[in-house]
Every structure is written in C-alpha cells, then in structure tokens.
Amino acid sequence: MAERYDVIVIGSGPGGYVCAIKAAQLGLKVAVVEKMKTYGGTCLNIGCIPSKALLHASERFEEVGHLEKLGVKVGSVSLDLPAMLAHKDATVKSNVDGVAFLFKKNKITGYTGSGRIDAPGKVTVTREDGSSETIEGSSIVIATGSDSAPLPGVHVDEQRVVSSTGALALPKVPGKLVVVGAGVIGLELGSVWRRVGADVTVVEFLDRILPGMDGEVAKQTQRLLEKQGIKFRLGTKVTAVDVTGKTSKVTIEPAKAGEAAAETLDADIVLVAIGRRPYTEGLGLEGVGVALDERKRVKVDAHYQTNVSGIYAIGDVIAGPMLAHKAEDEGVALAEILAGQAGHVNYGAIPAVVYTSPEVASVGKTEEELKAAGIEYKVGKFPFSANGRARAMLATDGFVKILSDKTTDRVLGGHIVGTGAGEMIHEIVVLMEFAGSAEDLGRTTHAHPTMSEAVKEAALAAWTKPIHL
Ligand code: FAD
Ligand code: NAI
C-alpha cells in the first residue's frame, strides 16, 4: 500500500522546505519530493546563498585595496579564485545540510526524484534510475520554483554563454563579460566578476536598470556602478551571440527598431539574465487540470489553492515577486491554513534587496507607483554623506528615501541605497507592518552613531524637517 501523508510538498526550495517544516511543527505528517540531490532549491544551491558568498568574498577582495585611506597598509593582494569558489561551495553545503538536518528533526520524509501529480492526492516519484513509487496525501503543495528565461536565438551552453548557474562557477576570471539584462542577477553577478578583474558591459533592453525599483534609486545605483567600472548599454538588445571564434561576438541593436545599425561586442563570457519563468515541467498539471495564468504561473486563490481541490502552490511558481522570503512566508501561511489556522502574507510589505556595493533595498511603493495610483505623498530624503558613522566608515554613497501619505503621514514606501541597506530596510518593513507613520519613525530613538540614523532623518524629512541637513 502507498505511504500516506497529510501533506506532500513537491520542491524543497525556500517555499517548499519552509512549508514542510512549519506543517510538521503544527503536527501534520509531511513528505517532501525533490529531484535535486540536495534540499534547498534554487536559493540554497544555485541562487541566493552561493551568490552572496561570492559577493561577500569579492567585496572583501576589492575593499582590501582601499584600506590605505583608513591608514591600513596592506601588502600586495592577489586573488585565489579556486579558494573563493571553495568558500562558496562550503557555504552551500552547510546550508543544504542544514535543511536535511531540519527535515530529520521535524520527522519529515524526503523522497529524491521527480514528482508528478497523477490525481488529486496521488504523487508518483520517479528516481534517476527510472524506478518509481507512488505516495498519497490529503494535500499536495506545488513548490517547484522557477528557472532562467531563455533569450531567443541564443543557446546557453553554461561554458561561454551562461545562466546565473554557470556564472556562479566560472573556472577563471573572464577578460570581458557581457551581461544581458540589468536586473538583480545581472548587477549582482556582474559586480562579482568586475571586482575580481573582468571588464563588464551590461546590455539592457529598457532605458533604465532595475525595473520595478524606484526610478531615482535606480539612477543613483547606475551612477555608482559606473563609477566602479561597469559599463551600461541601455535601450539595447542582444540579437545574436556567435561563439565560433576564440572570443564570442555579441550582436547588439537599439531596442527600438529603425535606429542606428547593429554593433558587435567581444565577450569571453556572456551571462544571460533576463528574468526567470515558473517551472512546472513534468508535473502532470495538464492531466489533473490545474490551471495556469497567461504567464504560465500556477493560478491560486487567496488560500494558495489551485482550481483543483487539495492541490496548492506557493513561491516562484505562482504570481508575485520571485524572492526567497516571499516563498518562505507563503510556505508558513499555507502550512497554517492546512493545519486549520489563519495564514496570511502582507504583500504590501515585502522587502527587496540587491546585494551590490552599496546595497539597494526597497519596501512598499515607489514614487512612480504612487504617481500612477494618484496618491498624494510626501518625500523625505537623507544622504549618507550627512551621516557621521557613514563618514567614519567612508561609506557616504547613497541615501534613504521615505514616502508617506500626504494626509495621514502613513509610510507607504522606503528605499535605501547605501552600505548595509539590506539590513536597514527592515525597520521600515516593521513600521509598515504596523501601519506606522513618518512621525512614528522620526520620533523613534536610534543609536548614535549608526547608519540607521539616516532612516530616522529621512522620516523626519518626510514628516517635518531633518536635524542634520
Ligand atoms: P526554488 O527555490 O526554485 O525550488 C524549487 C525546487 O523544486 C527545486 O529544488 C527543484 O529542483 C524542485 N523541483 C522542481 N520540479 C520538481 C519536480 N517535478 N519534482 C521534484 N522536485 C522538483 N531571492 C532572494 O530573495 N534573495 C536573493 O538574494 C536571491 N538571490 C538569487 C540569486 C540567483 C542567482 C537566483 C537564480 C535567484 C535568487 N533569488 C533570490 C531568487 C530565489 O532563489 C527564489 O525566489 C526562490 O528560490 C524561490 O523559492 P521556491 O521554493 O519557490 O523555488
Ligand atoms: P530581472 O527581472 O530582475 O531582470 C531582468 C532584466 O533583463 C530586466 O531589466 C529586463 O528589462 C531585462 N531584459 C529582458 N529581456 C531582455 C533582452 N532581450 N535584452 C536585454 N535585456 C532584457 O531578472 P533576473 O536578474 O534574471 O533575476 C530573476 C529573478 O531572480 C528576479 O525576479 C529576482 O527577483 C530574483 N533574484 C533576486 C535576487 C535578490 O533578491 N537579491 C538576486 C538574484 C535574483
């Protein structure tokens, strides 16, 4: 007889593994089906974690060269790329092992193999050797995530034309790296390789970088990255990559047809980072009648249930930002719902962080979104150049921007470019969770001297006046 569970989760990324742990903590009998050899999904194996390991290591490598300004003389600095990659691999291993440990601790049964939904309540797991077994569960959770979107006409071989996965494991520093897409992956991995010596050009279809982020923040970020040596070709598209020669030839054209003629860029490596698409291959969704939306994402209701009773979906495979913490929080909310509780995610207060140097962090509405919605708002801005701690740390690049409702003073959005932005953003996230005002934030005591005082000053600027500007 097939093994029976309360919940079968397909996919062990941040959505799936967190949902599984929470459901087990709430007393449900849980199985997880994962086709990779390790748990943790894109994020832990080939996404968030390895990229942050390389971002940290490469940032330290570059930083050493600038320590003289602080009176610290360092001898000659050299790169040991294999050691840097080994640090990344060790970081991944400790994280994925951590998930396996948590599964054991929470008595979650793991199945290694590809999961396919045969019918509501029935999942067949097919192992690499072709053998299979069927398991049964009252609820099935689709948490199969996403994979990188292809660029029409360009073949990703993961050697010379790579996705983020290949770009996390280049065996040597490319002389010239052409990045297609000025989104989060392009800027993060472009930064990694520039810091260790690559000449980086980012080709972006739109006339701005980081679409979706506040426009002023994106402009400032572009300026700072250009100062570091990254070149941008905005309003430009890649139409072909020729890999027949020793150096690849990347054909670019203006995004708008009818403008100047095509050009070619030389590249040792081309990184294609033009977005990610939901991954539902081999899941058997058509057979069971699970509906997808116009972008091939699994359609769910407010309780993450698909149109088929007992089949749910969370994370990158459904609508919303493709972020690990969004997937995790959906995992928790769904586990609570399955256990008969009231699970909920506040989609208005999900932070987003780009881990460049300096970092870029954002929560809530951008100015563009507020304008489009016709909401009257106040802007409070404070530059890190006016912050004492930032001066002491030579970290004066960037600013904090708080957007608040003109009438009620409620904070509607927060945007930070600056060292540590990804940590600082969370006080604005918490404030927004509690529907706080710019005055609330401006009256909250912040330790001195900290970078976070700039957040308080920006709130003061939105509510009344900053002190130090
Ligand atoms: P995934 O993590 O994609 O996990 C899905 C899992 O399902 C995979 O393990 C897959 O093997 C498995 N699977 C798929 N189909 C089947 C099947 N039929 N049977 C069994 N298993 C199956 N987000 C952030 O918030 N912060 C970051 O810093 C960040 N950095 C990133 C860097 C890179 C380079 C990339 C590519 C992504 C990054 N992301 C980041 C995005 C983040 O990785 C995703 O949002 C997150 O992993 C989504 O989680 P998920 O659980 O929905 O899916
Ligand atoms: P993205 O959506 O962030 O950026 C893709 C960029 O490519 C956009 O600027 C888009 O305009 C551009 N583009 C699209 N087609 C193009 C073309 N043909 N030619 C040139 N440019 C083109 O996608 P990205 O960077 O691939 O990341 C995928 C997802 O992974 C994102 O949704 C992000 O949320 C997640 N991620 C999150 C990270 C974080 O939170 N720090 C880090 C890395 C990824």
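Including glycine, each Cβ sits where the backbone N, Cα and C put it.
Nobody curates TrEMBL annotations by hand; they come from automatic prediction.
Per TrEMBL, these features apply:
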type: DOMAIN; residues: 5-331; note: domain 'FAD/NAD(P)-binding'
type: DISULFID; residues: C43-C48; note: disulfide bond
type: BINDING; residues: G181, A182, G183, V184, I185, G186, L187, E188, E204, G275; note: NAD(+) binding site
type: DOMAIN; residues: 350-459; note: domain 'Pyridine nucleotide-disulphide oxidoreductase dimerisation'
type: ACT_SITE; residues: H448; note: active site, proton acceptor
Looking at the binding-site residues listed here (G181, L187, E204), whose Cα lies nearest to that of C48 (disulfide bond)? L187
Less than 6 Å between Cβ and the nearest atom of ligand 1 is the rule; apply it to the recorded positions C48, G183, I185. C48, I185
Can you give the largest Cα to Cα distance in Å, as a whole number, for the residues G181, A182, G183, V184, I185, G186, L187, E188, E204, G275 that bind NAD(+) in the record? 14
Across all protein chains shown, the recorded positions C43, C48, I185, L187 give the max Cβ-within-10 Å count at L187
Quick test of your reading of the structure: among the recorded positions C43, G181, G183, I185, L187, E204, whose CB sits under 6 A from ligand 2? G181, G183, I185, E204
Protein Cβ atoms within 10 Å of E204 (NAD(+) binding site), excluding its own: 26
Residues within 8 Å of the G181, A182, G183, V184, I185, G186, L187, E188, E204, G275 Cβ centre (excluding the NAD(+) site residues themselves): V179, G190, V202, I209, L210, A273, I274
Among the binding-site residues G181, G183, which residue has the fewest other Cβ atoms within 10 Å of its own Cβ? G183
Reduced to three DSSP states, the domain 'Pyridine nucleotide-disulphide oxidoreductase dimerisation' (350-459) has 40 helix, 33 strand, 37 coil
In sequence order, which residues at least six apart in the same chain have a CB under 8 Å from the CB of the residue listed as 'active site, proton acceptor'? G388
